[in-house]
Amino acid sequence: MSERRILVTSALPYANGPIHIGHMVEYIQTDIWVRFQRMRGHETYYVGADDTHGTPVMLRAEKEGITPRQLIERVWTEHKRDFDNFLVSFDNYYSTDSDENRELCERVYLKLKEAGLIDVREVEQFYDPVKEMFLPDRFIKGECPKCGAKDQYGDSCEVCGATYQPTDLKNPYSVVSGATPVRKSSEHYFFKLSDPRCETFLRDWVGDLAQPEATNKMREWLGDEGESTLSDWDISRDAPYFGFEIPGAPGKYFYVWLDAPVGYYASFKNLCGKLGLDFDAWVSTHSTAEQYHFIGKDILYFHTLFWPAMLQFSGHRTPTNVFAHGFLTVDGAKMSKSRGTFITAQSYIDTGLNPEWLRYYFAAKLNATMEDLDLNLDDFIARVNSDLVGKFVNIASRSAGFLVKRFEGRVNDAALANPLMVQLREAAPQIADLYEKREYSKALRTVMELADAVNAYVDTEKPWDLAKDEAQRDKLHAACSVALEAFRLLAVYLKPILPSTVARIEAFLNIEPLNWRAIDAQLSSARPIQPYSHLMTRVDKKQVDALLEANRQSLQATVDAVPAANGTPAVEPMAETIAIDDFAKIDLRVAKIVACQRVEGSNKLLQLTLDVGEGKTRNVFSGIQSAYAPEDLVGKLTVMVANLAPRKMKFGMSEGMVLAASAADEKAQPGLYILEPHAGAVPGMRVR
């Protein structure tokens, strides 16, 4: 097997919030693959960094009364702690706010400019006259230009699913200051992705992608041969902005989505300086090294269009492949702060749960596709307890004690030629291939089938019975030796997923650190094992319940900690006064939710079937998926606007509107709450 040179990255977490278990899916997926490559003997480097630039970081720092750099330094420490706790083995974890990143961003930009791929244009945007800043899409709210829903963001409507330009919003306001924004023009810098050179390159490059879903999506974005469907990419932002100023353009800054992926290279360049590696030999056009990016499917567009085109035309190698994964749900629903399933990495550790439990469970669910992954908490408990404790660790616990007490910890060398060893070793190529292809769930099914075979062997030999009869001493010695050698081989296969547990196994077995070549070795009587101590405890449901409660309490603490300037809860300004006749036009009715389901293709909408006492049901779409699991709403009473004209939406006809309460600034005061009448109310009652 020839040695490969491999550079691996995961997406960079944004430096204005904590790491949660949804993030951890990606870092665990990447780390398993990286650890496997290292075990195979390949020169592999895994780098990451905090994504530190942009308006949200600048505004959050201002809100906290600190500088952006003070904020990103604190968040970096928190993120690094979380990755260390979950055994994510970065070779270098850095920051996009670095000298290396500034230098590389300027180099890429100037090369693109030299190639004629940078254009300057006037762009009209919303401008906050109070904060004296241009407003990103997500910092503008207003009425949807399609359905009229209030408090919708500047790029899409959570009610009807429409997408639009911020300047299309009706009655817009700044989320930052509350002021009415004005339209203002400024010069912006664009990467000309629509250039025929980019299109030709991308059509060729798309054939290298490993995932059919990614290839199909890219071909959809590229359109048919001869079509011009690619849009140029705005790579600049106006001051004030926390980031890198564009060379030769005072007051203009690189958009965060330009400097963030370049941050992969900046982190690696920093590592190269520490290790004495030749950076250019890894990233130049003619490099023979491999380069892989693990990402979420929501940022596939940036990593399969902009990023490879930027690299290609700035004199760098392009990615060998981009691997995208799906989103995490918990118990079949989107992670929810109100249900306690929006679980932070730190809360998981603080509650006393073993990070390797989650590493194993995610691995048992992960494959090479972009399909979403569900953390079913009951299944999590059952699978960890069954597979890791009941099957894997149980092998050592049932045999090691006899070997230490009766045979000074020394195995019977001759017994290790047992046919069971052949079965375990013959599986190595298949397991290696599955790890390589990121088919972790299939790899673990194979490993657990082998564990079943080993446990069946132990059950047949019954060392606990053999130990009662001195005449069976040799048979006892052989049985325990075979069981522990099989356990060692299983440990090799599980090491990419359970690095901490396997490190303790290596110490207990008194062996060198396991790598893939160790499959061809075996335990030796010349190196006696150490006394056995427990390697892993079972998951207790009380721990999981405590974790959910801790995250519910964290939400409440966040809400309680957001006061207005006068010490009372912050609320948005009251609407203009209306006459009683205006209110009388609105027909509010009590409605019973008789059915509810998530809307395929939307991560915001739920589809509700409502009984409003008419003898028939109504279909209503509501943007409350982030707060409620469908099954939790069925049977509840709520309040709806019953005389709202039906409107055709992307996903079907909506025949009313369910009322829900939320704060004006949902990021500062998270939470979404449907109205629920007291007991005694019945469907069809009018709210007056």
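Even glycines carry a Cβ here, placed using N, Cα and C.
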Residues flagged as motif ''HIGH' region' in Swiss-Prot, choosing from 13-23, 35-45, 563-573: 13-23
Listed range which Swiss-Prot flags as motif ''KMSKS' region', given the options 49-53, 334-338, 469-473, 599-603: 334-338
Chain-mates of Cys144, Cys147, Cys157, Cys160 with C-beta within 8 Å of site centroid, Zn(2+): Pro145, Lys146, Gly148, Ala149, Gln152, Glu158, Val159, Gly161, Ala162, Met649
Residue pair Cys144 (Zn(2+) binding site), Lys337 (ATP binding site) - Cα distance, angstrom, rounded: 26
Binding-site residues compared (Cys144, Cys147, Cys157, Cys160) - the one with the fewest other Cβ atoms within 10 Å: Cys147
